[in-house]
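Enquirer: There's a structure below that I have some questions on.
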2 protein chains.
Amino acid sequence: MTGVTESRLWRRLMALAEIGAIPGGGVDRQALSEGEIAAWRLVVGWAREAGLEPATDPAGNLFLVLPGRDRAAAPVLAGSHLDTQPNGGRFDGAAGVLAALDALTDLAASGRVPARDCVAVAWMNEEGSRFAPGMMGSEAFCGVRGLDAIRAVRDADGTSVGDALDRLHAAVPDLPRRALGGPVAAYLELHIEQGPVLEAAGCSVGIVTGIQGKKTFSVWISGAEGHAGTLAMAERRDAVTAFARCAAALDAEIGAIDPAIRFTIGRVQVTPNAPSVIAGEVRFSIDLRHPDNAVLDAAGIRIAPLCRERAGPCAVAVTPLVDAPSNRFDPVLQARIARAAAECGLPAMPVLSAAGHDARHLAGLCPSAMIFIPCRGGISHAPAEWAEPDHVAAGATVLARVLADLAYAESLPLTDGAVR
Amino acid sequence: MTGVTESRLWRRLMALAEIGAIPGGGVDRQALSEGEIAAWRLVVGWAREAGLEPATDPAGNLFLVLPGRDRAAAPVLAGSHLDTQPNGGRFDGAAGVLAALDALTDLAASGRVPARDCVAVAWMNEEGSRFAPGMMGSEAFCGVRGLDAIRAVRDADGTSVGDALDRLHAAVPDLPRRALGGPVAAYLELHIEQGPVLEAAGCSVGIVTGIQGKKTFSVWISGAEGHAGTLAMAERRDAVTAFARCAAALDAEIGAIDPAIRFTIGRVQVTPNAPSVIAGEVRFSIDLRHPDNAVLDAAGIRIAPLCRERAGPCAVAVTPLVDAPSNRFDPVLQARIARAAAECGLPAMPVLSAAGHDARHLAGLCPSAMIFIPCRGGISHAPAEWAEPDHVAAGATVLARVLADLAYAESLPLTDGAVR
């Protein structure tokens, strides 16, 4: 695809990546940060140029609305998120929001009014790095989690989601507020695969069949502080060495269950974290995923006993946070994506999502589907994250086609008959 | 000892502990912080009331001078430090500075001018928690480490020792500056034991024979960041699980060498430290101590190979920081301390220091000795750190007696003959 890096979508992706840019081509634009507010302003400006109507809701989700003929009909949504990991990349989230905006910009320019509102959406705090766990915006929108509970979550500096949301809304006083939630006719999300399957197969489009199940936990190890030079080894209750034994055992046992398991300790916080003080406390995160819910449950159940066995003289408390079983996306929308790819001559294949996405929650509300594009080496959540311009264009083309089907259909949901 | 909590020394200890007070009776007054500057003002005020002459030097050490008859003679120094660990106690450091000040206050009030200057001293950054490693003030004073290298060290926020020293000096413009270092006739330091020996033996005075050897290291584990949900376990280079294997193996092997070994991993820093990102880097501290230099060397040599064996696909770099062999304190001063305790009817015993102290560096410069007092349960570097008022008084009494011996002796060093 010649000239694809001169396309509006690619130029916008690169412009958005300047906000929160970090060395190595990465992006640090965490949820509800000044950077995300700046990203909103940029994206809202593009939406207004296209004649779309921006709005926000109490959960800090951003909506860019192309009005339809029947404003009372359930809208079609497409999007992803604008926040990144602290050491994140340029495509995770941004590609899905900007591809949806791009498709609506073309629909608006065509002058053909859709049957129902079509909305590009950016969900609040998908990543969950600053405020854990993530997907807060889609959870609140879909009624999975109450807004009060979400507003009470605090970041490492003690700032609450509630305060950060209020600052976000104060920073964009010109944006109309809409109520939280409401009926949705269908949801589409384009995203980088964050895995190696599509690249290895030479496919530019992945038809996502579902999302593997995920459990997360917070583990607290409680020992006793002491002087590194004086307290005898036998008398210590050292939280760091207890952590080391627990983590090594968990990784060896749970990480070896089968090749599809994913077990990660990504965050470790030691108190007081001083070189000559035996640590009194360690808190750490566990992220556990598997496509088979039975395996996931069996692995999750092993965590607390394994920690207790290895913690020696320290106490252990394991708190479950996220418990999201595997889900399957709408088969009719999957078929529609496959047909759109075939019509464009783009090689496509079914693929399971190993990562979680906001589409998991939307799938409980309405027919939903995801389109994956390859990313280099399967790398994401890192500055080296990269999607080829022609893969971005391919995914956006398929998204635009399916979105147009949904925009102009006489009635929704789409039926099998309409596809085959 | 009735009324000992109404003594000047005890009241001053409790007043000083208000500066940087934290819940549970602890103190957070790290080196060169606003709290330490406030502590200086309080102590300097007390010194001026007593007629002592305060001064500072380029390394941020504080001197409170009782002028002697011969101002050109090498002075006698006694003291400790005013900084604490982030989660420290009320006695570690403060007791030694205030006991020395108390003794000089009595000498000044007696009207009998000493033969030479007698100086209470507070050394800069003994603890090494904010700026690592510690004992910077005594190292600079004794020529163990250059001031330029010390000034270049930065804290976690990026502030350098140099900038923090300049701020300290700007905050006390009325304090005369003296040159760094110079000859010293003798050095005494009172300190809590930070171990259980004196308490278990029912001794209120410990005659410190020496300080056990200590090595510290900084270890860097380098892996590769990746997405927690997508990257297969077999393809990961996870720095956290590599750390866990290294730390568990080091603790099991080095911690078991013999009952006198002390092995501590007190600080662990994970990058990027986000729950859904496989960690790309871990840096951690090692603190290793043993009274026998041969055992210490043999243990130190095992660290790098053990880390390399257990780090799996990650790279490891082990950087030695502190390498301080065991030392022995001056036998004449030890005998003098024993005699002073006997004269006062105080039970005393020889004891090895398991913790490092500024006296280690002074011992390379002049005859030096330390007096320990018991602390409850051997606990220090924690809010629960506690010394009984009568133990503080006992140690201070012995310190004052030996300091008076040194203040009025016709010539120094003291000789065996003068003691026996």
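Each Cβ is built from the backbone N, Cα and C atoms, and glycine gets one as well.
Any TrEMBL annotation is an automated prediction that lacks curation.
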Enquirer: Which one of B:GLU127, B:GLU343, B:GLU410 goes with B:ASP92, B:HIS381 at the Zn(2+) 2 site, as TrEMBL has it?
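Expert: Of the residues offered, the record points to B:GLU127.
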Enquirer: Mind giving me a neighbour count for B:ASP92 (Zn(2+) 1 binding site)? Other Cβ atoms within 10 Å of its Cβ, every protein chain shown.
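Expert: Cβ-Cβ neighbours of B:ASP92 (Zn(2+) 1 binding site) within 10 Å number 27.
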Enquirer: Would you kindly give the Cα-Cα distance separating B:HIS381 (Zn(2+) 2 binding site) and B:HIS191 (Zn(2+) 1 binding site), rounded to the nearest Å?
Expert: 13
Enquirer: Which of these binding-site residues, B:HIS81, B:ASP92, B:HIS191, B:HIS381, are close to chain A by Cβ (under 8 Å)?
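Expert: From B:HIS81, B:ASP92, B:HIS191, B:HIS381, the ones near chain A are B:HIS381.
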Enquirer: Tally the residues of the domain 'Peptidase M20 dimerisation' (B:210-309) by DSSP class, grouping H, G and I as helix, E and B as strand, and everything else as coil.
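Expert: Summed over the domain 'Peptidase M20 dimerisation' (B:210-309), the classes give 36 helix, 33 strand, 31 coil.
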Enquirer: Give the three-state DSSP assignment (helix, strand or coil) for B:HIS191 (Zn(2+) 1 binding site).
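Expert: SS state of B:HIS191 (Zn(2+) 1 binding site) = strand.
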Enquirer: Any idea what DSSP makes of B:HIS81 (Zn(2+) 1 binding site), helix, strand or coil?
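Expert: Where B:HIS81 (Zn(2+) 1 binding site) sits, the three-state DSSP reduction gives strand.
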Enquirer: With a radius of 8 angstroms around the mean position of the C-beta atoms of B:HIS81, B:ASP92, B:HIS191, what other residues of the same chain does the Zn(2+) 1 site pick up?
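Expert: Same chain, not in B:HIS81, B:ASP92, B:HIS191, Cβ within 8 Å: B:SER80, B:PHE91, B:GLY93, B:ALA94, B:ALA95, B:GLY96, B:GLU126, B:ILE192, B:HIS357.
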Enquirer: Over the domain 'Peptidase M20 dimerisation' (B:210-309), what does the predicted model average in pLDDT?
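Expert: That stretch averages a pLDDT of 95.
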